[in-house]
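Novice: One structure follows; several queries about it will come next.
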Amino acid sequence: MVPPAGTPPPNPQQIQQFLSSVLSQRGPSALPYAEDTKWLIRQHLLTLISTFPSLDPKTATFTHNDGRSVNLLQADGTVPMPFQGVTYNIPVIIWLMESYPRHPPCVYVNPTRDMIIKRPHPHVTPSGLVSIPYLQNWIYPSSNLVDLVRELSACFSREPPLYSQRRPSPSPNSSPNPNPSHNQSNPAVMSNYGPSPSPQARPQPARPFPPSPYGGRPQPQPQTEDQTEVFKRNAVNKLVEMVHADITGMRKAREVEVEGLFSTQALLRRREEEIDRGLKELQDEREGLEQQLQIVLMNSDILEAWVRENQSKNIDLKDLNVDNAFECVDVLSKQMLDCTSADLAIEDVVYALDKALQEGAVPFDSYLRNVRLLSREQFFHRATAAKVRAAQMQAQVASMASRSPHYAT
């Protein structure tokens, strides 16, 4: 490939500084790219410029179909196109859209005034928009600009997208052109975008390029393409379409499988959380049961010790006095026992009076009088029990306070 005449080679240091500057801007003038992808965009452009120096990174205003205008990065320049042993330069503009690199860039063929777009073309629309399988099958993060330009070069080599417009015929007084092939329609033949001819090169025969569909006089002798080449090109295009269809189907199938795996992963994570909660609850319950078991074992030891201690005592159950079966530790405990037993006894008496009233064994006035007396007596017993309980609590606190220095030492 021969770069355009008069264009100095790009300075890598200046390009790096330019990209670092525009991608590090903040505020309203910042480029609309995600922060986590700006470093990858910079690397893609640097690799592209180092591989294809004919492309130059710039910033320009891109207008969407809905009228929105946004400042974006672009790679403007030429793409090499080998065609029948000669390398031509196709002018293109590669726009890096807002969602790049997660989504493919937007590629346009940029013809000059002396060029026209071939119609119809399998990969280029009349407006210059390029659509090739590599763009349609863009995969983040493996896809990149270098491979894109290589695919553009390969696709354009099979089917050139541009033709040079026909020049007007020279006047009869002018000298005839020794090489008539330059008057024919050649793909992308321009002073700045074609190959540099050698001064000593011999005239080449006319190349079988398809004529431009726009303007110009018809060829005096129409040229036909070789049937073998036509068949080969059609077969290659058919294979590309079949491979593209297979890749699209496989990608859709893989996407469905990935979605299913994501759903299964989410379900497994929920079940994992449920299992973890269940295990934690079981561990807590186990610890609680172990504590209760320790309490039961301690109480069993106390009861067994009491049984062993009192087993040797010969007690005649016939002469046993129920009131003396339990001995209180102190006066407060004895008073609490008396108040509690009196309270429960009054409850039983009131219950018996209720039954007798329902059966008609006790007159109603007698029932009311006895219930009033019993309730008054029960009130005093309960009040006394409450005072005794408070006194016991105070005594217990005082006892614990007196023993605390002993435990502290």
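Glycine residues also receive a Cβ, built from the backbone N, Cα and C atoms like all the rest.
According to TrEMBL, the domain 'UEV' annotation covers 22-166. Annotation comment: TrEMBL describes 160-228 as region 'Disordered'. Annotation source TrEMBL lists compositional bias 'Pro residues' at 169-179, 196-213. Among the features that TrEMBL reports, domain 'SB' is placed at 330-398.
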Novice: For the domain 'SB' (330-398), give the DSSP counts of helix residues, strand residues and coil residues.
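Specialist: Output for the domain 'SB' (330-398) reads 64 helix, 0 strand, 5 coil.
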Novice: Express the predicted model's confidence over the domain 'SB' (330-398) as a mean pLDDT, rounded to an integer.
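Specialist: The average pLDDT of the model in the domain 'SB' (330-398) works out to 91.
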Novice: I'd like the per-state residue tally for the domain 'UEV' (22-166) from DSSP, helix first, then strand, then coil.
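Specialist: Across the domain 'UEV' (22-166), DSSP assigns the residues as follows: 37 helix, 48 strand, 60 coil.
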